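Notes follow once the structure below has been shown.
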Amino acid sequence: MPCEGFTERNDNSSDSTMEFLLLGFSELLCLRVLFFLIFLSVHLATLVGNVMIFMAVSMEPSHSPMLSFLCHLSLIELCYTLVVVPRALLSLVVAGGSRISFIGCATQMLLFVALGGAECFLLAAMSYDRYVAICHPLHYPVVMHEGLCLRLSVSCCLGGFAVALGLTVSVFRLPFCQSRCIDHFFCDVPAVLHLACTRSYTPELPLLAASVLLLLPFLLILTSYICIAAALLHFTSPVGRGKAFSTCVSHLTITLLHYGCATFIYIRPKSNYWPARDKMVSLVYTNITPLLYPLIYSLRNKEIREVLRKMMMRTKVAEM
């Protein structure tokens, strides 16, 4: 059995020498090669898409605040996939699961939650950008200046890290006296909490607090779009209304994808934990949604298409 030897914690071992066993997809013995090729292809496509957007925007001497936020979002998604996907690919290569140290597991959780939290806050900043652009267009250049965009981006990263640090410390202070086999392909919060040997609901309180904190940006996004909808009702031209709304479609799509998957996984009691289902949903928000983000923005955002076209032209000129 993969979990043999990981059933009890040795009292003489410290946290620094403690190990977990990530089972990953050990039950899919016949399909591991196929899954590995699919995940690797998706991962490489995600890296290429996000790197292209990041480089295209970074090479522009001047760009709009929304492009600046998209550049930071691509960087977050790039790091997001690099934290999770390599370990998932390793679980498909190593039979019986892969070992990860106590520190390694805590670090992975910290980075994963921090990047996910930073994305939540960044989506709120992007909704504020759309609110100012549609509801106060004359003040937009003054309000959304480069300094404010940079401060908002830095604040989003710091906010995500603060939430992640509090949650990770709370989770890894729990006693793991049951099996140390994590039925997942990375150290996700519900999967690690499932190993806690306490029967009370106390271990779930940090996760609940973190979920509430990360729902606050969603409330800000909702408030921004209520104000935007009210402003659009006063537009006399249907063409102008449609054009203004089209600038929000990409952001709305990504927000629903991000919060939809996160809500399904994290905002629920521990008793509803189901490893097989969680792994499938985690595959979506760690592999599929990061791939969809560059596609959504490149197809829906005219500015992104323009900077990508300029980058391609510069590449062709450099090759000639």
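Each residue, glycine too, has its Cβ placed from N, Cα and C.
Since this is a predicted model, take the numbers as computed values, not measurements.
Among the features that TrEMBL reports, domain 'G-protein coupled receptors family 1 profile' is placed at 49-297.
What TrEMBL records for 33-57 (among others) is transmembrane segment. If you look at the transmembrane segment (33-57), the same-chain residues 6 or more away from its ends with a CB under 8 A from one of its CBs are 25, 63, 67-68, 70-71, 74-75, 77-78, 81, 85, 88-89, 92-93, 287-288, 290-291, 293-295, 297-298, 304, 307-308, 310-311.
Annotation source TrEMBL lists transmembrane segment at 69-89 (among others).
Residues or ranges marked as transmembrane segment in TrEMBL: 109-128 (among others).
Marked as transmembrane segment by TrEMBL: 148-169 (among others). Outside the transmembrane segment (148-169) by six or more residues, the chain places 65, 68-69, 72, 106, 109-122, 124-125, 128, 189, 206-207, 209-210, 213-214 with a CB less than 8 A from a CB of the stretch.
The transmembrane segment annotation in TrEMBL covers 208-233 (among others).
The transmembrane segment annotation in TrEMBL covers 245-268 (among others).
The transmembrane segment annotation in TrEMBL covers 280-299 (among others).
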Residues from the same chain, set at least six apart from the ends of the transmembrane segment (109-128), whose C-beta lies under 8 A from its own: 66, 69, 72-73, 76-77, 79-80, 83-84, 152-153, 155-157, 159-161, 163-165, 167-168, 171-172, 186-189, 192, 210, 213-214, 217-218, 220-221, 224-225, 251, 254-255, 258-259, 262
So, taking each listed stretch (69-89, 208-233, 245-268) in turn and counting its Cβ pairs to the transmembrane segment (280-299) that are under 8 angstroms, which one gives the highest count? 245-268
Over the span of the domain 'G-protein coupled receptors family 1 profile' (49-297), how high is the average pLDDT in this prediction? 83
